[in-house]
């Protein structure tokens, strides 16, 4: 029965390997939630065992706090350790609003609560906070104190309407930025969720929004993110960029397609004087493309923008915009990461405008006269120093913006292809954060990619010779135990920490765990982690300012042969030899699991003192990711097996297994229905002398039986030791008699 169970498990194991086998790259290190906690490089926070839809909405590195919104709660967590010194404010929706929400047919659990979706810094002492308010948005001011040591965290003002500042539906994303105590938001402004707007509120000036119900401006948008980005040296030329995806009808107006878009407005826009009153007069948008071009020409688009990260530099024009995209097709599923130069984005907004012409409303480049100042220009900036406000714009400029908000050219990524593509995986990317790391052999971008399965992949971008960047998955970490999709992610390069949220809670993870790679120079070098280097004693954090020349690191090639000379490389050529026994005609498994799934495995077999030869794989001998499966063991399988792993042209012996084959009849007689741990105590009850047993087997056979029984005994230490030995004495006696006669005929003189 046990053997049958083993066979079934082995079959399932093989099938799982076949199913999971894919050309998609795998993480070099995978840590489960519990394994990650054991490394002492992560922390976890949750208010309760019930899901509360946590969102990390603001990170303040000056006050060492991160601010989290959840259902009915506002949280202030310690940026150094989120599980310590947590502050919270209970801020539920009013009972009346909750009852009205339920009567309107909304979800009592996931809709009829106050889901906090906006937390922005208002001034040195207060935050501005908004929540969905059970489909009746509310906002308030929250006192956080002047210093983090004050331990102040409370609402000290009355609530006000959040309409135009936060979406009614908590499942519809709200994005926002705060500039000079003015709130710029992208959200849906009504209960039914039909009026989308980019809105400026909380202002001493007039409130301004996008043109209402104008599909040229916004067409069922789903907002993703918003950022303030400088444009030149004049601060008046800065723009607020909104990233979103929207549903657009094709030329036949029959089907809707999802396109990812970037829109921008000037923060000092006060609307038009006669047209577009209290509407944006600087609103422009452009399509954001992330696609793979097939060999025969057509493009495969990753249409749906999921998240955006801006990797800033000293020069704003060299800022990189990272975006995560997924496919909208039900047949073709995948994720991609595309990277854009901010200068390319600004070039598109300074380029030709789109214009629909002809009966099919075909988009063409606008060929008419462009009014002055150029539509989309900010008042009071470098190009319009004499215009203090948009109300001074000529009417033709305002009219042009209303009818031509779309740019003709699309925005393409660097090299016009994605940096990372994942197809046919059981996950999709949801969030992204990027860190710039200085290593011994150059500067690298390290991507942290959150998935819908509660994991974070740590990916390093590697330069190649043909202007195409490669990528290597260094780690995949289970940051949430129940595989909850990641909803928000913030990174602190200053603290070297990553903060991740899900429906269940918030996790904090260090950007590096150098000690997990191994205790040898080669292990550290093969990891190719730009955060880590071999310091002569261990794999530890690499600091580019260090003066020690013994630091060994090779991110680009990961070659221990050039980096680890003098650090006991010969130890990798040999592994400790172990003895393993198999029973003839049964199935056995020779275990060999390399540290890295990116390593290739080769099995070599050495019989007696012959040369090692590569094991020939077939239906009986199967190589798996965990070792070598030998079905129906034969005598010819006996020998010394070498498991050789090759990674980056570096070879090392992972395992040496001296495999010995036992006769099935002999093992059956000795072990069938016999408890191995009571053999010695029960041998006196046998109807023959113990010397008869010793003489029935050769010396080598007895050694193998002893070792086999020892191994079996260790596997059954937890069994029932009170069970007495039982067996077929007649069968054993017959075997002993036959072995006696055979041994007398083949007896060799003792040396």
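For all residues, glycine too, the Cβ spot is worked out from N, Cα and C.
Listed in Swiss-Prot for this protein:
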- 28-511: domain 'Sema' (DOMAIN)
- 81: N-linked glycosylation site (CARBOHYD)
- 101-112: disulfide bond (DISULFID)
- 123: N-linked glycosylation site (CARBOHYD)
- 130-139: disulfide bond (DISULFID)
- 252: N-linked glycosylation site (CARBOHYD)
- 266-378: disulfide bond (DISULFID)
- 268: N-linked glycosylation site (CARBOHYD)
- 290-338: disulfide bond (DISULFID)
- 465: N-linked glycosylation site (CARBOHYD)
- 514-532: disulfide bond (DISULFID)
- 585: N-linked glycosylation site (CARBOHYD)
- 586: N-linked glycosylation site (CARBOHYD)
- 643-709: disulfide bond (DISULFID)
- 712-751: region 'Disordered' (REGION)
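Between the CA atoms of residue 101 (disulfide bond) and residue 130 (disulfide bond) there is a gap of 18 Å. Counting in whole angstrom, residue 81 (N-linked glycosylation site) lies 37 from residue 290 (disulfide bond) by their C-alpha atoms. Confidence annotation: the domain 'Sema' (28-511) carries a mean pLDDT of 94 in the model. The 10 Å shell around the Cβ of residue 139 (disulfide bond) contains 22 further Cβ atoms across the protein chains shown. Each of the glycosylation sites 81, 586 was scored by how many other Cβ atoms lie within 10 Å of its Cβ, and the smallest score goes to 81. In this view, the densest Cβ surroundings among the disulfide-bonded residues 130, 378 belong to 130, judged by other Cβ atoms lying within 10 Å. Of the recorded residues, residue 130 (disulfide bond) and residue 112 (disulfide bond) place their C-alpha atoms 15 Å from one another. Taking the C-alpha atom of residue 378 (disulfide bond) as reference, the shortest distance to any of the recorded positions 112, 123, 268, 585 belongs to 268.
The secondary structure of residue 532 (disulfide bond), as reduced to three states from DSSP, is extended strand. Residue 338 (disulfide bond) has 268 as its nearest neighbour among the recorded positions 139, 268, 585, going by CA to CA distance. Closest in space to residue 514 (disulfide bond), of the recorded positions given as 112, 268, 290, 585, 586, is 290, taking the CA atom of each residue.
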